[in-house]
Amino acid sequence: MLNLSPLFFTTLDDESCMHDELDLTPGQRAWIASARTDVRDCLRTGIPRVLRANGYTEDVPQPRFFTQGSWAYKTLNAPAQHPQQADVDDGCYLPMSFVSQTKRPSTAATVFFAAAEEALKPLVEERRWKLVTDKPTCIRIVIAAYAHIDIPLYAIPDEEFVTLAKASMERYGYDSLTEAVNMAERDAWTALPADKVLLAHRECNWMSSDPRPVKEWFLGEVEAKGEQFRRVVRYLKAFRDWKWSSGGPASILLMAAAAPLFEKRDRRDDLALLDVVAALPARLRGGVNNPVEESESLTERLGQAGVEDAAKAFEEFEKVLRGATGAGSPSQACIWMRGEFGPRFPNEPDRVKVVSVAATIAAAPATAGPSELVGRTKAG
């Protein structure tokens, strides 16, 4: 049998591995971080300025920010092919008491979107970025061919707004306002929970949606299962991004589906990935729910045809991955893996190890081990 793990992950600086190839370059990460800081600064001063200019006489609070999604989970992969982009989610929060000063929630949602977009315009024009305003739950700023920043807008309970920690890094259409005011009869703040985080939505006004529990859940899974679990999630995303140039199963779906399937395999990322991939099709077909909100189906979002498409893709992937680990030729194994992951998988058959069946079995732990510390210095 073959041990392909050195080509998936290594801690040796002078050897390449797919895990490192999935990272954005240091220059790209620095550019994104700098752009995010500039966007935050722009919104921090710009939203209060725009609102005051449009008649809000009361003291307008500065928004707070909370990074969510793959940048926060350390599962962000560089794009695999055009037109993919690295997606950085940076939530923008205002306190509920301020947002609910408007008579109707729909008005408040529209005002929040419009104020943020108006505030961002000078920065976007100066940097020659692109402002995308047709996403229902966020404002998107395309900052480079390889990356964009998504800014979802939230109303948060006042006491949580006060305690929300600041991150360590740092078309105003009146027609649509009129439309919003005239929308739904149920358009009253009393219909919305005052103790929940609400996400502004361009069509649905506000939705109960708090990104923080998902982040806490995933980081808790990594703490319990070790860094190998985080790497396996990144490999699943890498396969998806090579298989589907757009679409495919969402990252949160892959994370939630993989978590109960994962078993730590000592220094064998290839086998840890194979364990998950082998069980993934049945798990997808059986339905996967949000791990922090069981009433929310993640597979439903993908649709029945999308779920079946993904399940079949992972069935084929499992055959290839199992065939590669059982192959007699390291060169053939590398060719097969590059077919599944693209050129980011190293074509270095001389680093593939031939191992016995007994050694492969020994890589599986009898019991769950402690949190893995090796590799935490590397970007993940």
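Just so it is clear, glycine is given a Cβ too, placed from its N, Cα and C backbone atoms.
Of the residues D20, D23, D150, D158, Swiss-Prot puts just one in the Mg(2+) site with D87, D89: D150. Of the residues K225, K237, K264, Swiss-Prot puts just one in the GTP site with Q68, G69, S70, W71, A72, Y73, S251: K237.
Of D89, R140, S209, all annotated as binding-site residues, the residue with the shortest Cα distance to S251 (GTP binding site) is D89.
Under the DSSP three-state reduction, S209 (ATP binding site) is assigned to coil, being neither helix nor strand. Cα separation, A72 (GTP binding site) to D89 (Mg(2+) binding site), rounded: 9 Å. Within 10 Å of its Cβ, the residue among the binding-site residues R140, K237 with the fewest other Cβ atoms is R140. When Cα-Cα distances from G69 (GTP binding site) are compared across the binding-site residues D87, D89, R140, D150, S209, the shortest belongs to D89. Neighbours of S209 (ATP binding site) among the binding-site residues Q68, S70, Y73, D87, D89, defined as a Cα within 10 Å of its Cα, are absent: none qualifies. Put simply, R140 (ATP binding site) is 22 Å from K237 (GTP binding site) when counted between their Cα atoms.
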